[in-house]
Amino acid sequence: MWSHLNRLLFWSIFSSVTCRKAVLDCEAMKTNEFPSPCLDSKTKVVMKGQNVSMFCSHKNKSLQITYSLFRRKTHLGTQDGKGEPAIFNLSITEAHESGPYKCKAQVTSCSKYSRDFSFTIVDPVTSPVLNIMVIQTETDRHITLHCLSVNGSLPINYTFFENHVAISPAISKYDREPAEFNLTKKNPGEEEEYRCEAKNRLPNYATYSHPVTMPSTGGDSCPFCLKLLLPGLLLLLVVIILILAFWVLPKYKTRKAMRNNVPRDRGDTAMEVGIYANILEKQAKEESVPEVGSRPCVSTAQDEAKHSQELQYATPVFQEVAPREQEACDSYKSGYVYSELNF
């Protein structure tokens, strides 16, 4: 019985000493050999759906440390390591997955937490649109470039390029408005290609606009004459239509009305075109008197104003009569026969 009591007393004393030693060792490790771990990532700016890697490391390379990763109070994983950081691979798909994250390093009964780490979720920029305005002079070309990306988290940095060479510094825009860049160049002999780049805080992610090619002027020629010719022709056509509608047509209608109001005189018609029909001519013998039946004829005549007129004609009847006595005259010649004309 005494031996059993001695064993219990021995184990109680041993356990007490061990616990005190562990507490003393943990306190010593906390102050000297076991500082707080460090949680980091290669990038702090991500977009939704991006895979990321988080590194939890400790300055003490000689201890076997157990690393645990937490997002708020949710445990995400545990790894053991000695001298090397623990790597946790994650996928950021929702806004609440941006953080904060913490890493816990534990050795036996001693544990410490890292500082909070959070990601910044950024929407990527879409391909920008490049617009060019040109003012052409005899010797110079004044060019204004506008670049705008309609989607993407602000701020957005724009850079302009000419033939794949940057010609402007990064222009930051904190509002959804286009970046503008002006330049003046001598009339070139070759074609020039322009484009712009848009990027925000998302690293290693940039989009470019479609290239816009400016044709060469070829000396004093105008590269935009063809583009301006079509609007000019359309404007000229509109002007002609307006002139016809408001000036020529009313004038034509007035002249036509005046012509219709002029009185028509059939007797004084300058030109008369008639179509005659049913004219019968009969000749009798030399001894008999020719006699032709009277038949009315109808003709149609048109005056200058194109108005049709209906005219009636009759066939004359010839009768032989006795010759009358004529006074003698040197110039008179006999042998003529006169007839009466009856209608």
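Each residue, glycine too, has its Cβ placed from N, Cα and C.
Check Swiss-Prot against the ranges 6-11, 222-227, 270-275, 336-341 and you find motif 'ITIM motif' recorded for 336-341. The range from 101-106, 119-124, 167-172, 311-316 that Swiss-Prot describes as motif 'ITIM motif' is residues 311-316. The record in Swiss-Prot pairs Cys196 in a disulfide bond with Cys147, which is drawn from Cys110, Cys147. Within 10 Å of Asn51 (N-linked glycosylation site), judged by CA to CA distance, lie the following glycosylation sites from the set Asn60, Asn89, Asn157, Asn182: Asn89. Taking Cβ-Cβ distances under 8 Å and a sequence gap of 6 or more within the same chain, the neighbours of Asn89 (N-linked glycosylation site) are Asn51, Val52, Ser53, Met54. Looking only at the glycosylation sites Asn60, Asn151, Asn157, the one with its C-alpha closest to Asn182 (N-linked glycosylation site) is Asn157.
Rounded to a whole value, the Cα-Cα separation of Asn151 (N-linked glycosylation site) and Asn157 (N-linked glycosylation site) is 13 Å. Look at the Cβ of each of the glycosylation sites Asn51, Asn151, Asn157, Asn182 and count the other Cβ atoms within 10 Å; the largest number goes with Asn157.
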